[in-house]
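S.K.: One structure follows; several queries about it will come next.
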Amino acid sequence: MQVVQDIAALRAQLAQWRQAGKTWALVPTMGNLHAGHLSLVSLAQSHVDYVVVSIFVNPLQFGEGEDFAQYPRTLAADCDQLQALGCDLVFSPSASELYPTEGRQSRVSADPLLASRFEGALRPGHFDGVVTVVAKLFNLVQPHVAVFGQKDYQQWRVIQAMVADLNWPIQLLKGPIARDTDDLALSSRNQYLDATQRRIAPQLYQVLSKLAQAIVATEHPMISWPGVCAKAQQELIVAGFDEVDYIAWVDQQDLTDVMDITKPSVLLVVARLGTTRLLDNIEIIPPL
Ligand SMILES: Nc1ncnc2c1ncn2[C@@H]1O[C@H](COP(=O)(O)OP(=O)(O)OP(=O)(O)O)[C@@H](O)[C@H]1O
Ligand SMILES: CC(C)(CO)[C@@H](O)C(=O)[O-]
Ligand code: BAL
């Protein structure tokens, strides 16, 4: 497995693969890899000849007062895991390699319809930062396939829309949410939790699952939704969460509110334990 920091070395390797008629996938990450990331690499490996994993904590997608400085950076351990899995290339540029122009930077705008609610509302500028770095990575790596996780559902939709809107010839794959044994969605930020918070955290998925079951079992979910949503919110607070940022039931495509199960929808939830925000979601497929 090659580990390259600079764009020239990356391009030299890609040129060889291109000349040999090979296909490759990109799995973009911010590092501190866990089994969720590794599952995306395995998914990528089943579709192409070679897999590139990028590891870059992107300053553009962090807001004022967010955890950019403290975000865990564990490159050596990440590379060990990727090597064991048979990954072919790790691209881990410095910030100055990816953003060499001090003080100015052209940006890609995320679709405002998809990006203005939920994470976009709570983290202004976040999705413009995400799509800008993903666009740069796509231009640099020119992958045939790119893989993202369902855990960051809104991010998935925003990137899917960008790829379609800007006509990138890239096949996108969505990897399912990898969970711990107690069903907590794996996330690098889980390590910010203390022991008490970690015991509370799995309630997020338990409450969300009950909410999904209630929707599927109800004849007129639109009537019961405000009540069951408020109840779920209350259950999270009683379980020990400090705040519920949002619980939403939205269309899988345009992320607007839905009121029945005739179209594919998704339940999104974000709740806080202390300052740590935990994301989770469950897709609801219409009955046949
Ligand atoms: N539990 C998971 N299962 C599957 N994919 C995941 C999981 N967690 C993250 N991913 C995906 O891995 C990719 C890189 O995400 P990232 O490096 O931000 O990891 P993370 O664990 O989500 O970190 P953070 O705690 O910062 O949200 C994204 O496409 C993300 O959706
Ligand atoms: C897609 C991504 C790697 C862009 O920095 C990041 O938002 C993430 O890790 O989900
Ligand atoms: N996994 C999403 C990236 C972020 O929170 O910045």
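Along the chain as shown, residues are numbered 1 onward.
The backbone N, Cα and C atoms fix where each Cβ goes, glycine too.
Sharing the record's features from TrEMBL:
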- 30-37, 149-152, ALA178, 186-189: ATP binding site (BINDING)
- HIS37: active site, proton donor (ACT_SITE)
- GLN61: beta-alanine binding site (BINDING)
- GLN61, GLN155: (R)-pantoate binding site (BINDING)
S.K.: Return the members of MET30, LEU33, GLN150, ALA178, SER188 (the binding-site residues) with CB less than 6 angstroms from at least one atom of ligand 2, or none.
M.R.: MET30
S.K.: Near ligand 1, which of the recorded positions MET30, LEU33, HIS37, GLN61 are found, taking a Cβ distance under 6 A to any of its atoms?
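M.R.: List returned for ligand 1: MET30, HIS37.
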S.K.: Taking 10 A as the limit, how many CB atoms besides its own sit near the CB of HIS37 (active site, proton donor)?
M.R.: 25
S.K.: Restricting the comparison to the recorded positions HIS37, GLN61, GLN155, which residue's C-alpha is spatially nearest the C-alpha of ALA178 (ATP binding site)?
M.R.: HIS37
S.K.: Per residue, counting other C-beta atoms within 10 angstroms of the C-beta, which of the binding-site residues GLN61, GLN150, GLN155, SER188 reaches the highest number?
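M.R.: Within the set of binding-site residues, the most crowded position is GLN155.
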S.K.: Using a 10 Å cut-off on Cβ-Cβ distances across all protein chains shown, tell me which of the binding-site residues (MET30, LEU33, ALA178) has the largest neighbour count.
M.R.: LEU33
S.K.: Using Cα coordinates, what distance in whole Å links HIS37 (active site, proton donor) and MET30 (ATP binding site)?
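M.R.: With the alpha carbons as reference points, the distance is 10 Å.
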S.K.: Restricting to the chain of GLY36 (ATP binding site) and a gap of 6 or more, list residues whose Cβ falls under 8 Å of its Cβ, or answer none.
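M.R.: In sequence order, GLY149, LYS151, GLY175, ILE177, ALA178, ALA185, LEU186, SER187 meet the Cβ cut-off.
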S.K.: GLN61 (beta-alanine binding site) to GLN155 ((R)-pantoate binding site): how many Å between their Cα atoms?
M.R.: 12
S.K.: Could you check which of the binding-site residues GLY36, GLN61, GLN150, ALA178, SER188 have their CB within less than 6 A of ligand 3?
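M.R.: The ones that qualify, in sequence order, are GLN61.
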